[in-house]
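A.B. asks: One structure, as structure tokens, below. Some questions next.
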Amino acid sequence: MEVQSAMDQSSAHTEFPTNLRERRSNVDCAVRDSDSNQGMSKYVPDSISSGAQRLKREVNKRYELVKFQALPEHLKDNEYIFKHYRADWPIREALGSIFTIHNETLNIWTHLSGFFVFMGLTIYTAMKMPSYGEIPGMMHHLPNFQQLRWQSVTDELTNMVAPQPQKPISRWPFFVFLSGAMFCLLSSSICHLLYCHSQRMANLLLKLDYIGIAYLIAASFYPPVYYTFMCNPTLRNTYLIGITCLGLCTIAVSLMPMFQTHQFRPFRAILFASMGISGIVPCVHKLLLHWGEPAAQTTFYLEMTMGALYGLGAVIYATRVPERWKPGHFDIAGHSHQLFHVLVVAGALTHYRAGLLYLKWRDEQGCEAM
Ligand SMILES: [Zn+2]
């Protein structure tokens with residue numbers, strides 16, 4: 001009867017895991033008290049001691065993965081993923097779960113590994129920045145930049161990051177993009193890692209995640225717009241101010257509580273996608289201004305590839321394919337959010353490649369208006 005009662009309690013808690021931390025600390029006290037008084041155990045009734053042990057077992061079970069039905073309402077995001085959820089985990093356990101298998105493991109690592117890749121690219125790009133000392137005529141004052149090059153495989157990349165320039169151009173727009181990529185990927189990883197802690201934490205981290213996406217999209221405009229319209233400051237500043245305002249408006253909308261609800265998933269996808277699609281305007285404008293310029297055409301193709309990768313990612317995110325087709329079969333690997341993450345990293349890497357071409361183009365040709 002007592003065993004049955006414990007089982008009933010256990011299943012009831014699995015269904016409604018609220019106030020777990022409070023319960024856990026009470027139970028920990030009870031168990032600690034029980035342990036510290038072992039010397040007096042002969043004075044403690046068996047039913048109390050075994051009750052504390054049973055509660056401890058029950059609490060430890062809380063850090064086990066649960067099914068969708070057992071989730072609190074704010075964590076019920078994707079009904080096509082059945083199992084392997086973390087729910088109401090303390091920060092320490094949630095942080096430790098980065099190295100364990102659950103249905104967010106690959107969501108965390110797809111963007112965290114992307115973050116490390118972009119951090120490496122940022123350091124590499126910063127190290128290879130040309131200085132005015134490389135301008136012909138001043139080369140004899142400084143070490144020969146060519147001697148610092150890596151060989152073979154990296155030669156092409158190095159030459160794109162820092163070709164022998166006529167007049168080195170500003171790198172800051174490229175670093176705005178790189179900072180956007182790193183911020184987006186890192187905030188997304190943190191969100192997926194700690195989202196399971198509490199509703200308050202989930203709301204906060206989702207806002208951070210959406211800010212990261214808007215920041216990445218807006219920051220992605222900076223290199224193409226800056227380097228395309230470098231010789232026309234009015235046009236360049238108009239585009240840059242326009243996309244910055246659009247990014248800030250998107251962030252303001254994404255901070256609204258209703259924006260984070262599950263019902264708004266398609267709206268979120270449409271909002272971010274349309275922000276990205278608006279990039280078609282400066283892209284076409286670039287082709288009209290620089291028709292016949294190989295760098296303008298190549299960067300245009302790369303930008304279209306990036307748009308296609310982000311667009312496909314948005315469609316997969318909104319439709320929740322493939323888990324919609326086979327619910328429960330992609331809980332750990334292969335579900336839509338992981339595919340969306342991989343496509344975001346691929347799109348950002350494509351944009352990095354385009355950014356290098358812009359630097360090479362403008363470093364070589366310069367701009368009389370500068
Ligand atoms: Zn995500």
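Glycine residues also receive a Cβ, built from the backbone N, Cα and C atoms like all the rest.
Grabbed the feature section from TrEMBL, which reads as follows:
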- His192, His337, His341: Zn(2+) binding site (BINDING)
- 1-17: compositional bias 'Polar residues' (COMPBIAS)
- 1-26: region 'Disordered' (REGION)
- 174-196: transmembrane segment (TRANSMEM)
- 208-227: transmembrane segment (TRANSMEM)
- 239-257: transmembrane segment (TRANSMEM)
- 269-288: transmembrane segment (TRANSMEM)
- 300-318: transmembrane segment (TRANSMEM)
- 339-361: transmembrane segment (TRANSMEM)
A.B. asks: Relative to the transmembrane segment (300-318), which of 208-227, 239-257, 269-288, 339-361 accounts for the most Cβ pairs at distances under 8 Å?
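C.D. replies: Answer is 339-361, with the largest number of Cβ pairs below 8 Å.
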A.B. asks: Quick test of the contact rule: Cβ under 8 Å, at least six residues beyond the ends. What residues does that give for the transmembrane segment (339-361)?
C.D. replies: 106-107, 110-111, 113-114, 117-118, 121, 157, 159-163, 169, 171, 174, 177-178, 181, 184-185, 188, 216, 220, 223-224, 227-228, 293, 295-296, 298-299, 302-303, 305-307, 309-310, 312-314, 316-317
A.B. asks: Residue list, the transmembrane segment (239-257) vs rest of chain: Cβ under 8 Å, 6 or more residues beyond ends.
C.D. replies: 203, 207, 210-211, 213-215, 217-218, 221-222, 225-226, 229, 268, 271-272, 275, 278, 282
A.B. asks: In the same chain, which residues outside the set His192, His337, His341 have their CB within 8 A of the centroid of the CB atoms that define the Zn(2+) site?
C.D. replies: Glu104, Leu106, Asn107, Ile108, Thr110, His111, Ser188, Gln338, Phe340
A.B. asks: Could you give the residue numbers and ranges of same-chain residues that sit at least 6 residues beyond the transmembrane segment (269-288) on either side and whose C-beta is under 8 angstroms from one of its C-beta atoms?
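C.D. replies: Result: 213-214, 217-218, 220-221, 224-225, 228-229, 239, 243, 246-247, 250, 253-254, 296-297, 299-300, 303-304, 307, 310-311, 314-315, 317-318.
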